[in-house]
Amino acid sequence: DALLIFIFTPDGSMFSFPTRPSVYHAVVVIFLEFFAWGLLTTPMLTVLRQTFPQHTFLMNGLIHGVKGLLSFLSAPLIGALSDVWGRKSFLLLTVFFTCAPIPLMKISPWWYFAVISMSGVFAVTFSVIFAYVADITQEHERSTAYGLVSATFAASLVTSPAIGAYLSVTYGDTLVVILATAIALLDICFILVAVPESLPEKMRPASWGAPISWEQADPFASLRKVGQDSTVLLICITVFLSYLPEAGQYSSFFLYLRQVIHFTPETVAAFIAVVGILSILAQTVVLGMLMRSIGNKNTILLGLGFQILQLAWYGFGSQHWMMWAAGAVAAMSSITFPAISAIVSRNAEPDQQGVVQGMITGIRGLCNGLGPALYGFVFYLFHVELTDDEIHGKDGKMNMANPTDESAIIPGPPFLFGACSVLLSLLVALFIPEQTGPGMRPGAYKKHSNGAQSHSHSPQGSGAEGKEPLLEDSSV
């Protein structure tokens, strides 16, 4: 009953849905949401260029910067609210507002970019999804389940950009937007009809009037609390330093392949598909094997090592085969985040999963704002102009602001800066303890007061003080 099963009765009435929540519910929600956005890869770039013909990628960075900052500010609040009121309603909320800008792409581009910026307030689906998965999995299953969810994100991008590009060329952007809107509506309907609540009834308050401590929802209070706990501080610094270059890479990499490495659109689509398939294998089969054989911490270190290698290869590489090889390494580096999510989840109480995952997602949201701006600025410093205008001369070489820089330029300088950032992340991750000690309390934020306070799984947790850190302090 973990899968959605349709049953047609003899009188023509139809189906019953499963009542037990499972990881597959989370997988379907993630797949549909990001498949819809993957279809819009080509139309979105077209609309961006038409709306902002000058400084296209600068505006792209600003839009994603605002969205990322709002995501950073809102993720802890949404995570804390989902810990009290349940996951399903917030899954519906985050998916709805994340996909709300899609139909506006053809209706009004200016409203589209305005709404997509503001949608960052609710663009924290991963936060709620990981909390949903934590509710329904045992501790030893959690890393595999997180890997499956992350692999689903990669799977949604295996074919959707290529399908969107083909439909855009053949039938126009309008059809692609309509199709993406229909898939987003399907995702919302699936949540409404088929996704059961994962948070146990005894952990939820009797009414929606239960108070929420602002200390739980304030992102800056979360950061201050992080500093009280060496383990959480190390994990958050690791996430920030490793995801910052990854977020910047997402914003410009495929255009970089076309304009600097001279990939054709078909080759870019094939590259996305191959790397996506390899990422699925890495985050399911390989991740599970590594977690069992070398442990959680060593899996994180290995993933960061792969990320350093792929960023350095992207930075120095100038041949097609180098990009393909680096892409394979990049797929292996995708094991890092599910392993980090697992180690965070393992050290948090059952009723605090939304808070801790919201904090990690908030840091990633901050990186989603800073990363594109950082990459665009570094490209600007090195006179590599990432626009879709004609930037190549007749000889096929890049035009740069200062021709004397041509012999000294590195093909991808932001990727080398990113490799240095991940190297620092690796050094920090070396000090993350593999496991919390037996005497440590996996206590978290200040417990929900009044009606929500008694909903903890463990009786010891009900007496936790507000000063208690997310993870008990550990020796490094």
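The backbone N, Cα and C atoms fix where each Cβ goes, glycine too.
Features reported for this protein in TrEMBL:
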COMPBIAS  450-461  compositional bias 'Polar residues'
DOMAIN    22-437  domain 'Major facilitator superfamily (MFS) profile'
REGION    440-476  region 'Disordered'
TRANSMEM  23-45  transmembrane segment
TRANSMEM  57-78  transmembrane segment
TRANSMEM  111-133  transmembrane segment
TRANSMEM  145-169  transmembrane segment
TRANSMEM  175-195  transmembrane segment
TRANSMEM  232-256  transmembrane segment
TRANSMEM  268-287  transmembrane segment
TRANSMEM  299-316  transmembrane segment
TRANSMEM  322-344  transmembrane segment
TRANSMEM  365-382  transmembrane segment
TRANSMEM  415-432  transmembrane segment
Counting Cβ pairs closer than 8 Å to the transmembrane segment (232-256), the top stretch among 175-195, 322-344, 365-382 is 365-382
With Cβ-Cβ distances below 8 Å as the criterion, list the same-chain residues six or more beyond the ends of the transmembrane segment (175-195) that contact it, or say none. 4, 17-18, 21, 25, 28-29, 32-33, 35-37, 39-40, 42-43, 88, 91-92, 95-96, 99, 102-103, 105-106, 164, 167-168
Sequence-remote contacts (6 or more beyond its ends) of the transmembrane segment (145-169), Cβ cut-off under 8 Å? 23, 26-27, 30-43, 46, 126, 129-130, 133, 137, 175-176, 179-180, 265, 268-270, 272-273, 275-277, 279-280, 282-284, 287-288, 331, 334-335, 337-339, 341-342, 345
On the domain 'Major facilitator superfamily (MFS) profile' (22-437), the mean of the pLDDT values is 79
